[in-house]
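Take a look at this one; I'll ask things after.
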Amino acid sequence: MGDPWLSAYDAALRVARKAGAVIRDAGEKEIKVCTKSSTVDLVTKTDERVEKIIIGALREQFPDHCFIGEESVAKGEPCNLTDKPTWIIDPVDGTTNFVHGFPFVAVSIAFAVNKELEFGVVYSCLENKMYRGRNGKGAFCDDEKIEVSDVKDIHKSIIISEHGTDRSCEKVEKIFSTMKKILCIPVHGLRGSGTAATNMCLVACGAVEAFFEIGIHCWDIAAGAVIVKEAGGVLLDVNGGPFDLMSRRMVSANNMVIAERIIKEIEIFPADRDDAPIKKITKFCKK
Ligand SMILES: O=P([O-])([O-])O[C@@H]1[C@@H](O)[C@H](O)[C@@H](O)[C@H](O)[C@@H]1O
Ligand SMILES: [Mg+2]
């Protein structure tokens, strides 16, 4: 049987590093900012250019594979995960950080077959850290094996989350009420890097104990999910059920004790599934 997806994994590492170099270079120049689902859901030419570079390179090597890319979906392409070999790509995770020069921007590339995630690559390109994980083969940051934290006492934990790009009062209320309840457990701290993929790698390397968010997309978390699992962590739905890649919500943690404690505090609000009928997002660019 050999290692059927090794060439795909190697291709993912290569193109992630190349994409990271394009992002770093673009960050040195003037960045034209547009918006998507809200006035704070930013997108730039670099997001679109980097996605084209990644999908172009992978499609050339794997012409019969399927692709789910954040910016392709925003332009109306379907976001359906089938049994076919499928790449799930966020070309620039942390676009707002990229626009502001806040130093956490990641290229996130995952690969699934028969709806099972085979491997994930998260290249934190401003830190020049390559996080990677393959099914059953462990998780790494560059060449160092990484493992989740062994903390079981929630009072000795750091929890990481984000508030997303939906600024409706009802959702903001629930997000901050959840964060307040967690903070007052109390935990050692709350953090947010601005990119879900990076947040999940911080869980995987033991820097924080758990990441949760409602409102993320499959491309933000698919690669990080493999890395967390391979680092010995757990993945769940925010209601304690099984992790569902397309549900736009998740908890990733170092162990079930921490995960279940966090889940108790999460105030759930609805988010359309990624595989719901296509909703083309209208991009708006100020002149
Ligand atoms: O848009 P993007 O920078 O690729 O992805 C980001 C996610 O990584 C983050 O978790 C979320 O809170 C932001 O709203 C945004 O969606
Ligand atoms: Mg993105």
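Every residue, even glycine, has its Cβ placed from backbone N, Cα and C.
In TrEMBL, annotation is done automatically, which means it is predicted and not curated.
Straight from TrEMBL, here's the annotation block:
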| type | residues | note |
| --- | --- | --- |
| BINDING | Glu70 | Mg(2+) 1 binding site |
| BINDING | Asp90, Asp93, Asp220 | Mg(2+) 2 binding site |
Round to a whole number and give the Cα-to-Cα distance in Å for the pair Asp93 (Mg(2+) 2 binding site) and the residue listed as 'Mg(2+) 1 binding site'.
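So the Cα of the residue listed as 'Mg(2+) 1 binding site' lies 9 Å away from that of Asp93 (Mg(2+) 2 binding site).
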Determine, for the Mg(2+) 2 site, the additional residues of the same chain whose CB lies within 8 Å of the mean position of the CB atoms of Asp90, Asp93, Asp220; present them in sequence order.
Glu70, Val92, Gly94, Ala106, Ser108, Thr195, Ala196, Ala197, Ile216, His217, Trp219, Ile221
How many Å separate the Cα atoms of the residue listed as 'Mg(2+) 1 binding site' and Asp90 (Mg(2+) 2 binding site)?
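Their Cα atoms are separated by 5 Å.
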So of Glu70, Asp90, Asp93, Asp220, which of the binding-site residues has the fewest other Cβ atoms within 10 Å around its own Cβ?
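Sparsest of the binding-site residues Glu70, Asp90, Asp93, Asp220 by Cβ contacts within 10 Å: Glu70.
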As a check: which entries in Glu70, Asp90, Asp220, the binding-site residues, place their Cβ less than 6 Å from an atom of ligand 2?
Glu70, Asp90
